[in-house]
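What Swiss-Prot annotates here:
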BINDING   Arg28, Glu29, Asp33, Arg140, Arg141, Gly142, His143, Thr144, Glu164  D-ribulose 5-phosphate binding site
BINDING   Glu29  Mg(2+) 1 binding site
BINDING   Glu29, His143  Mg(2+) 2 binding site
SITE      His126  site 'Essential for catalytic activity'
SITE      Glu164  site 'Essential for catalytic activity'
Amino acid sequence: MNELSKIEQAIEDLRNGKLIIVADDADREAEGDLVGLSEFVTPEKVNFMTKYGRGLICVPITEERALELDLHAMATNNTDTYGTQFTVSVDYYTNSTGISTADRADTIRALAEPLSKAADFKRPGHMFPLIAKNAGVLERRGHTEAAVDLARLSNSIPSAYICEILNDDGTMARYPALETLAKDWDLTLITVEDLVQYREKEIAIEN
């Protein structure tokens with residue numbers, strides 16, 4: 001399967017509610033994230049992320065959505081190496097403690113729900129929204145933008161949930177470990193570079 005076919009497979013998997021793995025560039029973080037569409041989140045999938053991903057679960061959203069929910073940047077002066085745009089953390093108002101997989105799934109789903117309002121979220125909380133650049137991976141080659149781009153390509157609400165993948169010893173999982181994990185978990189593995197090429201080809205066809 002070539003790289004562009006892998007993107008098509010990833011989109012199909014996401015539409016069917018599956019998780020996928022997205023790896024970024026080797027000269028960037030060189031990390032892999034589990035990615036799912038917020039529309040199809042379940043407590044079981046969140047539990048899979050916490051058990052096997054082991055990283056921080058975040059919720060990529062659009063800048064427009066962040067404004068709608070009054071989600072301001074966590075830091076006014078962002079000094080993160082790669083400019084990851086965290087907002088203040090939140091919990092959905094129906095949550096108990098906010099940390100159970102059911103509570104976190106509810107918050108992820110609510111962040112994507114068009115009818116949700118800013119007042120529906122308690123701040124701070126246990127979920128971390130991330131604001132994606134408007135042009136997606138063509139503007140910033142991060143997992144945040146890749147996740148939102150994939151949601152759009154899947155004709156879903158432009159919101160996803162992601163989690164970095166760590167090895168058993170707590171170090172970051174990189175190639176070839178990511179390939180092994182994708183095979184073990186029966187998940188499609190793509191790269192941000194694959195997605196950039198897919199989007200560039202899509203734009204070229206449109207023009």
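Easy rule for this one: first residue shown is 1, then count along the chain.
Placement of Cβ uses the backbone N, Cα and C atoms for every residue, glycine included.
What you see is a predicted model, and the numbers here were worked out from it, not measured in a lab.
Location within the structure of each feature annotated in Swiss-Prot.
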residue	record	DSSP class
Asp33	D-ribulose 5-phosphate binding site	strand
His126	site 'Essential for catalytic activity'	strand
Arg141	D-ribulose 5-phosphate binding site	coil
Glu164	D-ribulose 5-phosphate binding site	strand
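Here the candidates are the binding-site residues Asp33, Arg141, His143, Glu164. The one whose C-alpha lies nearest to that of His126 (site 'Essential for catalytic activity') is Glu164.
Glu164 (D-ribulose 5-phosphate binding site) counts 19 other C-beta atoms within 10 Å of its own C-beta, drawing on all protein chains shown. If you draw a 10 Å sphere around the CB of Asp33 (D-ribulose 5-phosphate binding site), it holds 31 other CB atoms from the protein chains shown.
Cβ neighbours within 10 Å of Arg141 (D-ribulose 5-phosphate binding site), excluding its own Cβ and spanning all shown chains: 20. Residue density at His143 (D-ribulose 5-phosphate binding site): 29 other Cβ atoms are found within 10 A of its Cβ, drawing on all protein chains shown.
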